[in-house]
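J.: Checked TrEMBL, it gives:
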ACT_SITE  B:His137  active site, proton acceptor
BINDING   B:Asp95, B:Gly145, B:Tyr300  substrate binding site
BINDING   B:Asp172, B:His174, B:Asp261  divalent metal cation binding site
COMPBIAS  B:397-414  compositional bias 'Basic and acidic residues'
COMPBIAS  B:415-429  compositional bias 'Acidic residues'
DOMAIN    B:24-314  domain 'Histone deacetylase'
REGION    B:384-429  region 'Disordered'
Amino acid sequence: MSMAGRLQLYDGVREEDSGEIFGGSNDDSLCRFERLFAEFFSEICAFNCVLHYPPMLSDGQDVDLYRLFLVVRGKGGYDAVCKGKLWDSVGEESGMGVSVGSSVELVYSRYLSALDSWMKKVAESKVSPEFGVVDDRDKFGRRLMELQAEVEGLLSGCADERVVLVGEDVEGGLDEDDHNLDGRELSGANGVKSNGDEGGEHRQCDDSEMPDNDMDEAVLGNSDKGNDLMGGEEGFDGGKMPEEQAVDISDGANKSGTGVVSGGKQCDDSDDKGLVLDASGGNSDDDSSGHKRKREGSVWDSSSDDCDSPSRKRMRESAMDMLSWITGVAKDPGDPEVGSIPEKSKWKSYSSQEVWKQVLLFREATFYRRGSEASNEQRNWQNQKMHPCLYEEQVGTNYNLRDRLKCDKKLLFGKSASLRSSSDSSLATENRTPGSHTEGQSELRDSPDANSGLDKCATVRIPLGTNHQAEIPEWTGVTSESDSKWLGTRIWPQETVNTRLIERDPIGKGRQGSCGCPEEGSVECVRFHISEKRAKVKLELGNAFYDWDFDRVGEEVRLMWTKEEEKKFEDVVRSNPPSLEKYYWDYIFRAFPDKSRAELVSYYFNVFMLQRRGYQNRHTPDDIDSDDNDDEAGPLRNVFGPQIQNSGHEMQSSRGSILLTPKKTRKKGK
Amino acid sequence: MRSKDRIAYFYDGDVGSVYFGAKHPMKPHRLCMTHHLVLSYDLHKKMEIYRPHKAYPVELAQFHSADYVEFLHRITPDTQHLFLNELTKYNLGEDCPVFDNLFEFCQIYAGGTIDAARRLNNQLCDIAINWAGGLHHAKKCEASGFCYINDLVLGILELLKYHARVLYIDIDVHHGDGVEEAFYFTDRVMTVSFHKYGDLFFPGTGDAKEIGEREGKFYAINVPLKDGIDDLSFTRLFKTIISKVVETYQPGAIVLQCGADSLAGDRLGCFNLSIDGHSECVSFVKRFNLPLLVTGGGGYTKENVARCWTVETGVLLDTELPNEIPENDYIKYFAPEFSLKIPNGQIENLNSKSYLSTIKMQVLENLRCIQHAPSVQMQEVPPDFYIPDFDEDEQNPDERIDQHTQDKHIQRDDEYYEADNDNDQMDVS
């Protein structure tokens with residue numbers, strides 16, 4: 001959807017919003033809010049930050065963004081709340097408990113204030129002062145930096161401060177036991193192995209670009225029990241807005257859970273989602289696009305989640321469900337209770353209430369971010385037995401796990417630039433400059449393909465549905481009857497072959513070099529040889545000659561025309577050059593009412609064009625217009641019959657034309 | 001030497017006088033020229049030539065929607081102004097004009113491909129050729145890109161009556177979207193299309209990421225290329241991918257769409273293939289010794305189309321053609337050289353080595369996902385080239401490439417390219 005469209009959407013909602021503040025919220029407006037929020041982030045500030053969903057406080061509590069948003073607005077907006085140091089009470093009023101002020105503030109500034117200020121801008125541009133609830137968020141960026149510094153301070157200070165922490169490293173620090181426990185439980189292997197290699201590897205990458213890079217260091221820090229935390233944090237500030245995470249649901253589980261799922265899915269898709277994974281750490285374009293997708297995925301996740309279950313508690317529960325589901329799968333992949341996953345094409349239609357879908361969404365959300373950690377997961381997967389349903393539900397598809405994993409491995413470790421570019425959404429537009437963040441941004445901004453995280457689409461999608469696909473019967477192993485009645489009519493070789501006449505020359509003989517005519521290459525010479533050949537062919541082919549209309553081929557066709565008719569034909573063509581709006585065919589049809597169109601066309605190709613070509617061959621060999629005067633540029637017109645003006649252009653725009661191919665660049669001019 | 005393969009060739013002289021309209025680049029007259037050239041090289045003596053039956057509407061409706069077929073049947077240039085809505089609905093108009101004998105034209109070329117498939121099914125021939133067919137853009141319910149009826153889909157559906165799996169290969173410069181779309185959900189047909197992709201080139205589909213869905217996931221392969229690809233890179237890519245595809249997929253029959261607009265100098269195309277490069281692909285596919293249905297397709301510089309398909313008819317007949325075109329009624333069209341060679345392409349090759357290896361890697365990666373996932377039917381139905389009594393008649397067993405040799409050959413190819421590719425990666429990273 002275009003920006004303009006989005007703006008309109010917002011306009012509509014703004015009104016609703018202002019109503020809501022007074023009228024209170026209902027589920028519908030909540031949904032709307034969430035959707036807008038999701039879209040806002042996926043398009044407006046896609047490049048700006050990478051947020052995690054659902055937003056949570058450090059203690060794992062979910063944050064109801066909508067409520068928070070309303071509460072803050074009720075208190076006069078962000079600035080007012082800051083000034084009045086009202087964040088604690090905001091936290092309480094939003095139902096997040098006491099003394100969570102700083103966490104709440106951070107969540108708000110991360111998730112909502114951008115939206116806030118953006119809406120404000122919209123409001124201003126539209127001169128609608130009634131929407132003044134949104135307070136001035138000019139200082140948003142600066143404020144964010146401040147907050148960050150604050151968080152860093154807190155980080156080095158105490159680990160169990162109730163703040164929303166930046167980066168999962170801290171999360172790891174807080175919940176380290178859980179983390180590792182979950183990790184082991186789920187993947188049966190230690191989640192943090194050989195981070196050193198990884199970090200080293202990734203440090204080679206451009207520092208300014210992507211959070212992934214930083215993430216890596218963060219992971220390093222994590223394994224080092226937080227020693228490196230500060231270093232990691234500083235890395236964040238270098239580039240753009242730091243990668244941040246409101247508290248993740250049980251980080252370790254999440255990590256290996258997604259790993260597990262992607263292990264299966266990646267291969268069975270082998271789509272670019274899978275491929276992007278290995279792109280992390282290199283080229284900033286890939287990374288940022290990866291992030292964009294991830295963020296989209298997560299955004300959608302949260303929005304749909306929230307729509308379905310507005311209550312925070314519910315959400316938390318579903319997260320727990322998901323976790324236990326993954327655990328269940330890990331423990332016993334064959335357990336029928338685990339259920340099955342439908343085909344990917346149907347994923348979208350499932351609500352995110354489905355456990356597996358949540359897993360997928362989580363995987364989606366963490367997939368790209370964790371690209372750098374992937375080798376961890378990789379090691380974990382290798383000892384895994386996966387429930388087949390994680391690959392695909394198709395009956396009878398016993399996918400070989402080993403090879404899938406091998407394939408994964410390749411994806412993960414084959415950090416070739418080529419693969420990376422191929423994995424990018426726009427394969428055809430490679431050659432982007434790596435390392436430039438701004439370019440990545442514009443790139444993202446320019447490609448607002450409104451994909452959900454589960455589904456990426458090409459520029460033009462293959463349409464699906466009963467109106468598009470052929471109906472293919474199941475293969476039964478028994479050959480069904482193919483109609484043997486209609487096999488064509490044999491024309492050659494003929495039933496009764498006059499062997500006496502069969503040509504004895506070797507088959508596939510070419511033209512003879514010299515013919516012995518008095519004037520080789522003269523008009524007469526060419527004409528003689530053509531008719532000689534013709535006579536031979538006629539003799540040989542017998543009836544087939546007429547079957548193939550060979551009697552109406554070449555300049556023979558003119559025998560059926562009178563001199564006057566030929567003259568008339570030429571005159572009509574000459575007096576109506578194709579550059580004119582009226583094309584000569586219209587006149588030709590009118591001029592020869594007693595000749596069928598097929599006859600006229602036949603004459604055109606067999607006599608008229610051939611003669612002209614013959615003339616060109618002799619007189620203007622450098623300027624042979626092999627393709628008659630149709631080459632003239634200009635819109636294709638429907639020549640036969642009355643004109644249809646209005647239908648053509650609409651179609652052009654909607655379906656594209658094979659003729660609208662952009663002019664190709666040639667090395668040399670023609 | 002007589003070819004060991006039995007070739008059925010389909011031609012109906014009536015297509016020659018079909019005219020899409022002035023300024024329309026699609027000129028069925030090229031079929032007439034092709035046929036003439038084939039005959040002037042005496043190639044007819046090595047094959048059987050058939051006039052196809054005119055496919056009945058009910059046959060066309062095996063794939064197309066009945067209302068669309070009915071409309072095509074009904075519409076004429078003189079009545080089309082009465083059906084503006086339907087014209088829009090069925091995408092008739094500019095690209096796909098309504099012309100005289102439109103439906104008959106469709107019946108002939110579709111009938112040719114269907115007959116070809118049936119002859120193959122009944123083992124009446126080993127290779128069937130229908131240069132009039134190959135209209136790969138046509139959709140189930142609408143026309144597209146000069147194509148009204150998708151004869152390829154109809155032919156493949158026919159082949160599916162006898163074969164568990166059919167492989168479709170498309171070397172037209174445009175993406176074979178109609179065929180891919182028709183079989184997007186099935187693993188019984190694998191579609192492989194090599195085409196120009198990007199710059200809004202028609203039809204816009206054909207990204208490497210389109211791999212099929214549902215059961216058909218991984219059974220659609222797209223090889224998107226950029227302007228100006230040359231013989232060497234194209235044939236190399238083609239051979240690598242196709243050999244892997246055949247090895248993996250083990251089709252019972254192959255349908256090859258030989259659109260000639262991938263040749264250098266085509267009015268609508270933008271590749272730099274020579275006729276040799278183009279026909280090398282045909283020759284490569286022929287060597288699998290599987291039932292093969294060859295169709296035409298695009299091709300908008302008609303002398304080159306005639307040259308190309310004549311050469312390829314020769315290739316399928318194991319006959320190398322001398323370069324000098326023999327006398328025939330259309331010889332003037334082949335001036336000034338009167339030879340089979342076509343001028344070299346002038347379009348800059350934008351396909352870097354690394355780009356091509358990227359594509360190749362991605363395709364092979366996707367293929368690997370089915371390689372080790374043999375669906376039940378793959379095990380149940382051995383491919384035709386495993387069946388010992390295949391070609392029990394005149395085929396000399398010594399001449400047949402057995403699977404082992406073939407594997408070795410493929411292996412060698414792979415190693416070569418793999419090594420080559422390693423270098424590429426070094427360059428890039």
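Including glycine, each Cβ sits where the backbone N, Cα and C put it.
What you are looking at is a predicted structure, and each value in this text was computed from that prediction instead of being measured.
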J.: Kindly state the mean pLDDT of the domain 'Histone deacetylase' (B:24-314) in the predicted structure.
T.: 94
J.: Checking interface proximity: list the binding-site residues among B:Asp95, B:Gly145, B:Asp172, B:Asp261 whose CB sits under 8 Å from a chain A CB, in sequence order.
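T.: Of B:Asp95, B:Gly145, B:Asp172, B:Asp261, the entries that lie near chain A are B:Asp95, B:Gly145.
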J.: Between B:Gly145 (substrate binding site) and B:Asp172 (divalent metal cation binding site), how many Å separate their Cα atoms?
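T.: Here the two Cα atoms are 12 Å apart.
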J.: Who sits close to B:Asp95 (substrate binding site): which same-chain residues at least 6 apart have their Cβ under 8 Å from its Cβ?
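T.: Expected: B:Ala143, B:Ser144, B:Gly145, B:Phe146.
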J.: Checking the recorded positions B:His137, B:Asp172, B:His174, which are within 10 Å of B:Tyr300 (substrate binding site) at the Cα level?
T.: none
J.: Express the distance between the Cα positions of the residue listed as 'active site, proton acceptor' and B:His174 (divalent metal cation binding site) as a whole number of Å.
T.: 9
J.: Report the same-chain neighbours of B:Asp261 (divalent metal cation binding site): residues 6+ apart in sequence with Cβ closer than 8 Å to its Cβ, ordered by sequence.
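T.: For B:Asp261 (divalent metal cation binding site), the qualifying residues are B:Asp172, B:Val173, B:His174, B:Arg267, B:Leu268, B:Gly269, B:Gly297, B:Gly298, B:Gly299, B:Tyr300.
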J.: Let me know the largest Cα to Cα distance in Å among the substrate-binding residues B:Asp95, B:Gly145, B:Tyr300, as an integer.
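T.: Output for substrate binders B:Asp95, B:Gly145, B:Tyr300: max Cα distance 14 Å.
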J.: Looking only at Cβ atoms, how many others are within 10 Å of the one on the residue listed as 'active site, proton acceptor'?
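T.: Result for the residue listed as 'active site, proton acceptor': 29 neighbouring Cβ atoms inside 10 Å.
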J.: Around the divalent metal cation site recorded as B:Asp172, B:His174, B:Asp261, what other same-chain residues have a C-beta within 8 angstroms of the site's C-beta center?
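T.: Other same-chain residues near the divalent metal cation site: B:His136, B:Val173, B:His195, B:Gly259, B:Ser262, B:Leu268, B:Gly269, B:Gly297, B:Gly298, B:Gly299.
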J.: Please give me the CB contact count at 10 A for B:Gly145 (substrate binding site), counting all chains in the structure.
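T.: Total other Cβ atoms inside 10 Å, all chains included: 27.
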